[in-house]
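Per TrEMBL, the features are:
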ACT_SITE  Lys196  active site, schiff-base intermediate with substrate
ACT_SITE  Lys249  active site, schiff-base intermediate with substrate
BINDING   Cys121, Cys123, Cys131  Zn(2+) binding site
BINDING   Arg206, Arg218  5-aminolevulinate 1 binding site
BINDING   Glu234  Mg(2+) binding site
BINDING   Ser275, Tyr314  5-aminolevulinate 2 binding site
Amino acid sequence: MSLFPSVRLRRTRQNEKLRALVRETRLSVEQLIYPLFVAEGIKEPLPIESMPGVNQWPVEALDTVAEQVVQAGIPAVLLFGIPAHKDEVGSEAYAEQGIIQQAIRRLKAIQPELLVITDVCLCEYTSHGHCGVVKNGTVQNDESLVLLARMAVSHAEAGADIVAPSDMMDGRVEALRHALDEHGFSGLPIMAYSVKYASGFYGPFREAAESAPQFGDRRSYQMDPANVREALREVELDVAEGADMIMVKPALAYMDVIRRVRENYDLPLVAYNVSGEYSMVKAAAQNGWIDEKQIVMEIMTGLRRAGADMIITYHALDIARWLRP
Ligand code: PBG
């Protein structure tokens with residue numbers, strides 16, 4: 001008997017060719033979705049201070065960023081709108097000339113092949129900043145469903161390829177599916193933000209989208225970070241209601257949730273690498289404390305390994321560049 005090991009895992013780690021042969025997880029640019037903020041009433045791209053490298057875009061300037069996204073090989077964008085006027089019921093969210101409706105038409109005209117996914121939620125459009133209709137200080141579930149369904153239909157009419165409800169009202173997938181079908185959009189997929197936690201990681205997004213709640217917080221509709229069995233119930237309902245893709249959000253502190261959902265459901269699974277996750281990496285990289293490329297690629301690989309099929313990330317343009325041979 002030898003003192004030395006006969007099984008040696010280092011044998012397949014000797015060089016990059018060998019490592020690539022035995023690699024278990026791959027990341028491709030085709031799995032990335034790039035979020036875009038479109039704002040009314042600005043003339044030039046407006047940098048978002050807490051998210052270095054990310055801008056609010058005027059509709060007129062979308063051509064440049066859409067061109068970059070397409071050139072990078074990124075298949076899809078996720079749109080968020082920042083209207084000039086907000087009101088109690090988020091009227092601009094479902095207005096025919098609303099900021100998002102204009103953005104969708106523009107993008108589909110200039111880059112018809114680029115998939116346009118739209119975030120369906122009222123928080124960017126309401127004066128109180130909550131994701132639904134507020135009465136007596138509480139967010140009304142069923143009244144909100146009516147408006148969210150209208151919003152999804154108006155996105156579909158403008159030419160959206162996929163709608164993505166992120167409001168966390170009960171029954172919204174069914175409400176959207178029903179309304180879309182009734183208006184002739186039975187072929188339009190729903191990407192449901194099924195498992196969306198009430199998270200501090202959305203902080204920079206709320207600056208970017210000007211959508212912070214004006215009173216209280218979102219814990220009466222978004223999930224408690226402590227729960228995972230409840231996450232499976234959320235997914236179960238969305239699947240039963242007709243979701244075509246399901247999502248876990250945020251991503252990094254919730255990799256176990258991604259894994260659990262992956263093991264329990266066969267639907268395409270999306271991970272949202274959210275604003276706070278992006279800003280932390282950017283801030284550390286700008287200070288020279290971490291290697292940005294290495295860290296970002298490790299995060300993306302981790303999300304794929306946990307079970308995500310697709311990743312929504314503000315790093316998408318950089319990743320596309322790094323993935324190029
Ligand atoms: C709601 C919405 C939010 C995000 C995506 N859709 C914010 C929230 O629920 O408060 C957050 C995305 C991110 O942080 O990158 N419209």
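Heads up, the Cβ atoms here are built off N, Cα and C, so glycines get one too.
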Distance-selected recorded positions near ligand 1 (C-beta under 6 Å), from Cys123, Lys196, Glu234, Lys249, Ser275, Tyr314: Cys123, Ser275
Any further residue of that chain within 8 Å (Cβ to the Cβ centroid of Cys121, Cys123, Cys131) of the recorded Zn(2+) site: Leu122, Glu124, Thr126, His130, Gly132, Ser166, Asp167, Ser211
Arg206 (5-aminolevulinate 1 binding site) and Cys121 (Zn(2+) binding site), Cα-Cα, nearest whole angstrom: 13
Which recorded positions sit within 10 Å of Arg206 (5-aminolevulinate 1 binding site) - Cα, from Lys196, Glu234, Lys249, Tyr314: none
List of residues, in chain order, with Cβ under 8 A from that of Glu234 (Mg(2+) binding site) and at least 6 apart: Ser194, Val195, Met223
Distance from Arg218 (5-aminolevulinate 1 binding site) back to Cys131 (Zn(2+) binding site), taken between C-alpha atoms, in Å: 8
Lowest local Cβ density (other Cβ within 10 Å) among recorded positions: Lys196, Arg206, Arg218, Lys249: Arg206
Those residues of the chain, 6+ apart, with a Cβ under 8 Å from that of Tyr314 (5-aminolevulinate 2 binding site): Tyr34, Pro35, Met51, Gly53, Val54, Asn273, Ser275, Tyr278
Rounded inter-Cα distance in Å - Cys123 (Zn(2+) binding site), Lys249 (active site, schiff-base intermediate with substrate): 17
Least buried by Cβ count (within 10 Å) of the binding-site residues Cys121, Cys123, Cys131: Cys123
Around the Cβ of Ser275 (5-aminolevulinate 2 binding site), the count of other Cβ atoms that are within 10 Å: 25
Residue pair Lys196 (active site, schiff-base intermediate with substrate), Lys249 (active site, schiff-base intermediate with substrate) - Cα distance, angstrom, rounded: 5
Rounded to the nearest Å - Cα separation of Arg218 (5-aminolevulinate 1 binding site) and Lys249 (active site, schiff-base intermediate with substrate): 14
